[in-house]
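What TrEMBL records for A:Arg48, A:Pro49, A:Ile50, A:Ser51, A:Gly70, A:Thr71 is FAD binding site. The [2Fe-2S] cluster binding site annotation in TrEMBL covers A:Cys211, A:Cys216, A:Cys219, A:Cys234. For A:1-95, the entry in TrEMBL reads domain 'FAD-binding FR-type'.
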Amino acid sequence: MQEEKGIIQSNEKIAKDTYRMKIAAGMAKDMKPGQFVNIKIDGYMLRRPISISSIEADGFVIVYKVVGDGTLALAKKHAHHTIDVFGPLGSSYPIHENRNEVLLIGGGVGVPPLYELAKQYRVLRKEVHVVLGFNDKDSIFYEQEFKALGCHVVVATMDGSYGVKGTVMDAIQAHAITCDFTYSCGPRPMLKAIEAAYQKGYMSFESRMACGIGACMACVAKDKKEADLYHRICKEGPVFPIGKVEF
Amino acid sequence: MQEEKGIIQSNEKIAKDTYRMKIAAGMAKDMKPGQFVNIKIDGYMLRRPISISSIEADGFVIVYKVVGDGTLALAKKHAHHTIDVFGPLGSSYPIHENRNEVLLIGGGVGVPPLYELAKQYRVLRKEVHVVLGFNDKDSIFYEQEFKALGCHVVVATMDGSYGVKGTVMDAIQAHAITCDFTYSCGPRPMLKAIEAAYQKGYMSFESRMACGIGACMACVAKDKKEADLYHRICKEGPVFPIGKVEF
Amino acid sequence: MDLHVKLPGLNLKNPIIPASGCFGFGREFAELYDLSLLGGIAIKSATPQKRFGNPTPRVAETPSGMLNAIGLQNPGVDVILEKELPWLAQFDTEIIANVAGASEEEYVEVIEKLNASQVVKAYELNISCPNVKHGGIGLGTTPELAAKVTKMAKAAANKPVYVKLSPNVTNIVEIAKAVEEAGADGLVMINTMMGMRLDLHTGKPILANVTGGLSGPAIKPVAIRMVYQVAQAVNIPIIGVGGITRAEDVLEFLYAGASAVEVGMQNFIDPYCCVKIIEELPKVLETYGVNSLQEAVGRSFK
Amino acid sequence: MDLHVKLPGLNLKNPIIPASGCFGFGREFAELYDLSLLGGIAIKSATPQKRFGNPTPRVAETPSGMLNAIGLQNPGVDVILEKELPWLAQFDTEIIANVAGASEEEYVEVIEKLNASQVVKAYELNISCPNVKHGGIGLGTTPELAAKVTKMAKAAANKPVYVKLSPNVTNIVEIAKAVEEAGADGLVMINTMMGMRLDLHTGKPILANVTGGLSGPAIKPVAIRMVYQVAQAVNIPIIGVGGITRAEDVLEFLYAGASAVEVGMQNFIDPYCCVKIIEELPKVLETYGVNSLQEAVGRSFK
Ligand SMILES: Cc1cc2nc3c(=O)[nH]c(=O)nc-3n(C[C@H](O)[C@H](O)[C@H](O)COP(=O)(O)OP(=O)(O)OC[C@H]3O[C@@H](n4cnc5c(N)ncnc54)[C@H](O)[C@@H]3O)c2cc1C
Ligand SMILES: Cc1cc2nc3c(=O)[nH]c(=O)nc-3n(C[C@H](O)[C@H](O)[C@H](O)COP(=O)(O)OP(=O)(O)OC[C@H]3O[C@@H](n4cnc5c(N)ncnc54)[C@H](O)[C@@H]3O)c2cc1C
Ligand SMILES: Cc1cc2nc3c(=O)[nH]c(=O)nc-3n(C[C@H](O)[C@H](O)[C@H](O)COP(=O)(O)O)c2cc1C
Ligand SMILES: Cc1cc2nc3c(=O)[nH]c(=O)nc-3n(C[C@H](O)[C@H](O)[C@H](O)COP(=O)(O)O)c2cc1C
Ligand code: FES
Ligand code: FES
């Protein structure tokens, strides 16, 4: 966990409203899949939390969607400029070396953190099933990248413009994927459906944050079982065992 | 008077804390010497008023001193980037075609607007005496530029590190400059001294501004004679006949 | 989309009104665009006599805002009646006369004179100014004083009276209700918040007047909160003001419960802002799936 | 330059104190730097029982500021005594315990328990929180209530009591004086200003709690104004807070009349900000020709 002025190496549009930025930064050596960085954007007060999508020798990659003023400003950043990143932050997806196959389920901008996870499982030569859900064909990204890693990739679109029409759950059914150890990240309804269907694995959550390091209590979520227990999404999370937190 | 995104052509340091910026902008064709532009600087609310120092075919030049956050940000701007300027604003130095010689007196960042004035008088082939006052040798700028126009240039520094030691008044005395039709711009004490010594000519003033166009009444100065009369520095000014306003 | 808004005395072709003190009497902006594009114009506060206001410096910059201590400089109601209002008559827009004074009687005096004008469509009482009779506190800081000046103004006025509330109070709802009960036809909220800046070199206040009024985006969250609270407590319309820089901000004020808005200091930053906002507003409403202004008003609590 | 400041109960090696609620109990920041560098630490508000606070979202961004509605989440005074304070004892810095409650009695309860701690050097009463007994209004909004809780706290406390004032009032001087008269050893000002933001998509408040507290540079001009007014009216020291992001801001608060400062939300933007400010402060004082902190305090009105 440190503040660093990373150097933007590239910042390109890869799908509708979706950008990929490569950042050269020393903190990459401490990063684990599922963690995030907190990015300061000129003109805006609060840092923006963005998942680490890929960890490389000299830096890391983020994939982000333009949803508001901050991400719009980020999309306008040019290569060679510096960017103020704080990280790596939060918990990571644990790697279970004893498993032979895992199922990664991502929806929209929940897809990015799963990419590094897939990479690490593929290095261990495990079977990696990847199910990606998007709104429409134009929003799809990383299908080829996951395939290039040697994952089994299935895509669903809500409007049916590509792959299975419907949700990631529809795609899992359509392709009769039976692996029951899941890692997921995506919008709330998707996570709800996954929680109802699977008992094993991990989930990653979002929350409005201020500090991103566990000090302000902005981002808490209740424990599902212990009435009195709260977890900080930024510190104990964003990755939790499936069924751990109320959302 | 218009808002325009000018293109920065160059932005270079020319003396201690002092920068010259060339801006390409169509509004240049409407500019007169002594007028100013109001510049929007990213991250700061109020526009910054800066005098027009030189008017060219395709743009204009400003010379500014870094005194606070806004001018510091301005100094960091790069060529080819755009800059949001509003102008030209305010009154200008009237050109008296019937006069054969004029005396231009500038102190510190009061020097810039006199440059365009000198240019225009030299086009008319008039004798132009220029007296420039600075704190020290490192702060001096535009001595050569005025000389290149064919002006008679005298420099004073407060610490005596260059030219006459003392104020512009000391320099005028030392060089026995007798021309009594003055145009001046500079710090308050300098203007006070000039007002005490000369009756003819024009003076240019500064004031904290908000709108820069005469609407908010932030920048008013009392008339010296009529008790009930106020003038807006941004609209009736910044140039006034000598002895017109209370300051 | 239809941007028309009908409020007591005001037939606004759109809900955008430059705020008092930030637009003078419109002359400077008329050099930039046609004032008939505006929903209305709230002209600079008028007092019985000519006022020169405070010594300079009168403004200072702050993070996302500014401080001003102009001190109600204006040519006095007679000159406004003679010179400014007839000039404004040429524009097809609704003129709101902002009224100020050092005592309740001065408000009445100004209103009685302005009653004669056909150009003025409504009054807006600026009750934030320090009141001489009451030890210099603002009439807007207690429900009793606010109600009293409202009642007196209503009795004198032949046009609807809006009261512009001061945010520098513990309980804005209490004051809004008192003003409504006293007969106000509408509310304008908010005026500036009292603030201050010190010069790092001298340690002294930057403003010659020591304190000044804070405006701009910095105060928008406070303005939205107050409009939201008051809109649920009163039955008269609210004109929202405080920190508006773009059409999205207008929508936020509508959601909070405002029926129209005034735009203040943004006119200094971008003199064309009001026309730009008017142009953008239909697009922004569409982006957020809002079919009419009416539909948006008060959505936050409905 | 000597940055040492002596205040009732507090021997600060420098005037920089992270503000309550913006630093937790220091654990997260201890991973980043040595907390012994700090003048002091104002820990998160303590209540008698564990509190979970408000539903999320609890924060929203605003121009030059943010809104928060954490709702005083804290583990309760007993856990703080058992776990947090002994951990904090390892650092050479002054711990200020911020105390909150839903009634006057709860403040007393917390204080009576904390009296046993050697680690706590002073109390800071957070009187901005809505008070259950008094219909949900803050104890900090009337002079009577503010004085009462101060008196009760002083009677219970075996360490100096600072009162942290709410800025959401008509007359801050009146409240400061009441609190001084009730025995307060010092003041902390200001807490957050009540504000709100609406979601453009839904029209509903972004914060689950509807309203929240505005902090950050946006409120600095209001904080400076209030410190300036109060410093001239009371004889107890003031700890300034509101919008500090750099050493220059600290100097502005000193000029206004504060003897030390607290830094709030900037800790979220730049977690190292407090140490950076401590490092920069002597240079900034030098730049502006200030030879000692004492010399700067209150210069604006001296
Ligand atoms: C742990 C974590 C990881 C994330 N990873 C990614 C990612 O890899 N790619 C991606 O595109 N997005 C990701 N997000 C969401 C991303 O943080 C928001 O989309 C972004 O902050 C929006 O900023 P804005 O300025 O464009 O939006 P605005 O609405 O203008 O932002 C205003 C404020 O709200 C906050 N905010 C708005 N939406 C969200 C949100 N969904 N989650 C949290 N805060 C929000 C902003 O951070 C900011 O403080 C992640 C969020 C979290 C918490
Ligand atoms: C008509 C006019 C012409 C000017 N021409 C020049 C010029 O050619 N070259 C030059 O270097 N300077 C000139 N100035 C002064 C220049 O405007 C200020 O130095 C500049 O605004 C400072 O901005 P800042 O952000 O660096 O300082 P800050 O102190 O951070 O500024 C804060 C606020 O105070 C205002 N302010 C601060 N100092 C002044 C000042 N001296 N006059 C007016 N407003 C001030 C700023 O505009 C801003 O609103 C001129 C001023 C006026 C009114
Ligand atoms: C320079 C200036 C002058 C103002 N003069 C007046 C005035 O004369 N009467 C009044 O009621 N409000 C006056 N105001 C307050 C504005 O009308 C408005 O309520 C306030 O600025 C908040 O809006 P904003 O944030 O959009 O600027 C003035 C504001 C500024 C910035
Ligand atoms: C997330 C957050 C939580 C806060 N929690 C508390 C609190 O528990 N008790 C308290 O007295 N003040 C609390 N405050 C107020 C701060 O201590 C401080 O008074 C305020 O934020 C203004 O300072 P700033 O502008 O530097 O942030 C909180 C502020 C924030 C932003
Ligand atoms: S964002 Fe501050 S605790 Fe999680
Ligand atoms: S700056 Fe507004 S009238 Fe001159």
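Residue 1 is the first one shown; counting continues down the chain.
Glycine residues also receive a Cβ, built from the backbone N, Cα and C atoms like all the rest.
Since this is a predicted model, take the numbers as computed values, not measurements.
The binding-site residues near ligand 5, defined by a Cβ under 6 Å from one of its atoms, do not include any of A:Arg48, A:Pro49, A:Ile50, A:Ser51, A:Gly70, A:Thr71. Taking the mean position of the Cβ atoms of A:Arg48, A:Pro49, A:Ile50, A:Ser51, A:Gly70, A:Thr71 as the FAD site, the remaining residues of that chain whose Cβ falls within 8 Å of it are A:Asn38, A:Ile39, A:Ile62, A:Tyr64, A:Leu74. For the domain 'FAD-binding FR-type' (A:1-95), the predicted model reports an average pLDDT of 96. Checking the binding-site residues A:Arg48, A:Pro49, A:Ser51, A:Cys216 against chain D with a Cβ-Cβ cut-off under 8 Å leaves A:Cys216. Summarised by DSSP class, the composition of the domain 'FAD-binding FR-type' (A:1-95) is 12 helix, 47 strand, 36 coil. The binding-site residues A:Ile50, A:Ser51, A:Thr71 include none with a CA atom within 10 A of the CA of A:Cys211 ([2Fe-2S] cluster binding site). The binding-site residues near A:Pro49 (FAD binding site), taking a 10 angstroms Cα-Cα threshold over the set A:Cys216, A:Cys219, A:Cys234, are A:Cys234. With a cut-off of 8 Å between CB atoms and residues at least 6 apart in sequence, the same chain places A:Ser207, A:Arg208, A:Met209, A:Ala210, A:Arg232, A:Ile233, A:Cys234, A:Gly237 near A:Cys219 ([2Fe-2S] cluster binding site), listed in sequence order.
Distance from the CA of A:Cys216 ([2Fe-2S] cluster binding site) to the CA of A:Ser51 (FAD binding site) is 20 Å. Considering other CB atoms within 10 Å as the measure, the emptiest surroundings among the binding-site residues A:Ile50, A:Cys211, A:Cys216, A:Cys234 are those of A:Ile50. The two recorded residues A:Ile50 (FAD binding site) and A:Cys216 ([2Fe-2S] cluster binding site) have their Cα atoms spaced 18 Å from each other. Take the Cα of A:Cys216 ([2Fe-2S] cluster binding site) and measure to each of the binding-site residues A:Arg48, A:Gly70, A:Thr71: the nearest one is A:Arg48. A:Cys234 ([2Fe-2S] cluster binding site) falls outside any helix or strand according to DSSP and counts as coil.
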